[in-house]
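Asks: My structure is below; once you've seen it, I'll send some questions.
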């Protein structure tokens, strides 16, 4: 796979090659983030074992901060949105290439730069142990943490955001102006629409995150007081700005996975997806509603009762289009000769099961009265890992399994994929994250 030409990575603008590079970057970055999580779980498995030196009390915080940032921004997004999107979007809409191939190449090259900046933060004094959310006043304190580490993380996120915005513009322009003649928007596939909706969400929410972290940098170095409560600033303002991006980000991660799973189920069972148009409408509703519920991450900050009632009802409302998608997938299975015909069939089925379970716990947490009790406990960790760590990663595995001949030019052994990727991974994550629900109900704090 690695092209021998030493300038290939820099000069190549072919959408398929760049899609493969995205997948390889996702694998490399994700492996790093996964190893960090292994350190965390090893540290926590026994109350007496301490593999992280006590002299550096911030090291544990730094590890889960970097783990969260890497898995979200450098594993799932480059894999599903960058890899699957770059490789298949022009094919799905009948275009010979993306609208701006050179910009596509630049977007790819910015990813390792951003990753390198985030990793560089670990070498700065104490590291940036602020959590992946970078909440002030912890991230703006000049005494408790290293401001240099926070600076480098913020700059890395800004670079990654620029790459995502360029890719989003590229995808939207390609679909709107370069699709094949006669291929109207109404007959585009669910996979294509999932990438378009994801691109629109990125364009709407990333500028808000950019403004929030630039204000944070300004507080750190230019004597502004946006988030300093001592001088009438408001640290909760940062939470509003961050989660206005942060909650749509969850759907930005999972929507391309919806497209992959829909494509795989439809292809493997040789029939059209049940309720094809309703799937597209459901994804649009999820995107709109998902952008209006950001403060359900902030129930414990003192929101008034009417505000909590709005965010509770709107959050639970998202379960309607989400349930539509799940029922459509199940009905597609029911209308066919159901059987595990391919490893991707099994992975798609595992995705439907785990995503449904994770979404159910999300409805529970969306209720303000319950969330106040469960906020910042292990129940929250279990919920979003079922949706992302299991759901999105299984969607990424499904992509590689279903299109391995396109990607690698050869077919791997089905038994090895089913045993290693599917069953061992599935059993492992179930054993890891399922008990966390019980820890959360026993009010064990997440940090």
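The backbone N, Cα and C atoms fix where each Cβ goes, and this holds for glycine too.
Annotation comment: TrEMBL describes 3-447 as domain 'Cytochrome oxidase subunit I profile'. For 21-40, 60-88, 108-128, 148-172, 193-217, 237-261, 273-294, 346-366, 378-398, 418-441, the entry in TrEMBL reads transmembrane segment.
For each listed feature, how buried is it and what is near it?
Replies: Averaged across the domain 'Cytochrome oxidase subunit I profile' (3-447), pLDDT for the predicted model comes to 89.
Same-chain neighbours of the transmembrane segment (193-217): 81, 84-85, 89, 134, 136, 139-140, 150-151, 154, 157-158, 161, 164-165, 167-169, 171-172, 175, 224, 226-227, 238, 241-242, 244-246, 248-249, 251-252, 255-256, 258-259, 262, 280, 283-284, 287, 290-291, counting only residues six or more beyond its ends whose CB sits under 8 Å from a CB of the stretch.
Note on the transmembrane segment (273-294): residues 186, 190, 193-194, 197, 200-201, 204-205, 240, 243-244, 246-248, 250-251, 255, 258, 262, 265-266, 311, 314-315, 317-318, 320-322, 324-325, 328-329, 331-332, 335, 366 of its chain, located 6 or more positions outside it, place their CB under 8 angstroms from a CB of the stretch.
Proximity of distant same-chain residues to the transmembrane segment (346-366), defined by a Cβ-Cβ separation under 8 Å and at least 6 residues beyond the stretch ends, is recorded for 254, 257, 261, 264-265, 268, 293, 296, 311-312, 315-316, 318-319, 322, 326, 329-330, 333, 340, 374, 379-380, 382-387, 390-391, 394-395, 397-398, 401, 418, 421-422, 426, 437.
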Asks: Same chain, outside the transmembrane segment (237-261) by at least 6, Cβ under 8 Å from its Cβ: which residues?
Replies: 72, 76-77, 80-81, 84-85, 133-136, 189-195, 197-198, 201-202, 204-206, 208-209, 211-212, 215-216, 226-227, 279, 283, 286-287, 290-291, 293-298, 301, 325, 329, 348, 351-352, 355, 384, 387-388, 391-392, 395-396, 398-399, 402
Asks: Taking contact to mean three or more C-beta pairs under 8 angstroms, with sequence separation of 6 or more, is the transmembrane segment (60-88) in contact with the transmembrane segment (378-398)?
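Replies: They do touch: at least three Cβ pairs between the two stretches lie under 8 Å.
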Asks: Which one of these stretches, 21-40, 108-128, 378-398, has the most C-beta pairs shorter than 8 Å to the transmembrane segment (418-441)?
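Replies: Per the Cβ count, the answer is 378-398.
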